[in-house]
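Participant: Right, I'll just put the structure down here and ask away after.
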Amino acid sequence: MAFADYPVQSLMYITNRPEIVFTEGKGSWLTDHNGKRYLDFVQGWAVNCLGHSNDGMIEALNAQAKKLINPSPAFYNEPMAKLAGLLSAHSCFDKVFFANSGAEANEGAIKLARKWGKKHKSGAGKNRFEIITFDHSFHGRTLATMSASGKAGWDTIFAPQVPGFPKAILNDIASVEALITDETVGVMLEPVQGEGGVLPATQEFMQQLRALTRKHKLLLIVDEVQAGCGRCGTLFAYQLSNIEPDIMTLGKGIGGGVPLSALLCTDEVASFEAGDQGGTYNGNPLMTAVGCSVIEQLLAPGFLAGVQERGAYLRAQLLELSEAFGLAGERGEGLLRALLLGKDIGGQLVEAAREMNPTGLLLNAPRPNILRFMPALNVTTDEIDTMIGMLRTLLKAHG
């Protein structure tokens, strides 16, 4: 089919899309309607943690579809319970609520923190509802999660905002402490700010934050929608800092490409009462069966060590490129990395990469002066080398 034969005009406009219709994908590769192949270093913004059409996920999806798709979240089902058990067994959390998107999980985290703050009032007897978040953070596109986000301009798009989200500066503990009041209930952050430009919170800052929140009896909430599920080389990114948060959210990678997210908390924080939280598809057995396959593959012997090795390899290759072209360096954790371009050519490089022939390359520029890399966690060093070679060609032409 030609592009003109696809009724794309029926889709609501939300962003500028190129005239490409993807029809197949396997591993690190996508194929479009013309048969052109693309090396994918975006993977749906870190969603496809095991690459496109992973065999284990396909098997889990097919097997579950033949047994049970949707009995209603008012009842238990087998994959729901199994995945909750896997997550609690391999984290510091005791309770799990499943949802469909990272924004929904983060919305749930905000509700849970506010519920806990009502039950645990301040010394002055006030309900605690404010959650300190951070400049340049990204927590979703619902009204509350947009208000929680520190993305420039989002405070006016759908004004008035949901109140209660003062903004601190990442890796500046004094900026957090200065915002604490009798109405503060918690602090919420991404261990690595993805949309903000792949900005990692330092281990020292995470430890300071945990100490500060404990001192003031506040909740520490980690948004691991992008950084979690093996992306940073550990199962969860908070584990890099040897701390234990009170609440964590997961999305993207937990489903490996299917709509699945999770809100996790400790027993002490689990405050919801009947009717406080729910959702038509939460804990859906079709999605949680795939989630079980994803987590089991991430926990397979040597897998996370391999992520660390390939992350170090990608880092070294990006640093070499940076030095060769006089760029501003690189940063990140594991296989969530950024190349600092030093000038606003990110969008130009993304477009040129996609249009390369005979094979295209999919990259992402969260900021005009940054390229972000989110390959499948099982990407090979050969595929990294191929990407670096293509990027080298682009930098020669556009750098």
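Keep in mind that glycine also has a Cβ here, set from the backbone N, Cα and C atoms.
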Participant: For the pyridoxal 5'-phosphate site that Swiss-Prot assigns to G102, A103, D223, E224, V225, Q226, T280, which of F75, F129, F138 is also named?
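Facilitator: Swiss-Prot names F138 for this pyridoxal 5'-phosphate site.
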Participant: For R141 (N(2)-acetyl-L-ornithine binding site), what residues in its own chain, 6 or more apart in sequence, show a Cβ-Cβ distance under 8 Å?
Facilitator: A103
Participant: Pop the Cα-Cα gap between K252 (N6-(pyridoxal phosphate)lysine) and Q226 (pyridoxal 5'-phosphate binding site) into the table, whole Å please.
Facilitator: 6
Participant: Using only the Cα atoms of G102, A103, F138, D223, E224, V225, Q226, T280, which the record gives as binding pyridoxal 5'-phosphate, return the largest interatomic distance in Å, rounded to a whole number.
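Facilitator: Farthest-apart Cα atoms in G102, A103, F138, D223, E224, V225, Q226, T280 are separated by 25 Å.
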Participant: Can you tell me how far the Cα of E224 (pyridoxal 5'-phosphate binding site) sits from the Cα of K252 (N6-(pyridoxal phosphate)lysine), in Å?
Facilitator: 9
Participant: DSSP secondary structure for V225 (pyridoxal 5'-phosphate binding site), reduced to helix/strand/coil, please.
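Facilitator: In three-state terms, V225 (pyridoxal 5'-phosphate binding site) counts as coil.
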Participant: Sequence gap of 6 or more, Cβ distance under 8 Å: name the residues on the same chain that satisfy this around T280 (pyridoxal 5'-phosphate binding site), in order along the sequence.
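Facilitator: Correct list: P73.
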Participant: Tell me the Cβ contacts of K252 (N6-(pyridoxal phosphate)lysine) under 8 Å, same chain only and six or more apart in sequence, or just say none.
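Facilitator: G44, W45, A46, V47, C49, G102, V225, Q226, G228, C229, S261 - these are the non-local Cβ neighbours of K252 (N6-(pyridoxal phosphate)lysine), listed in sequence order.
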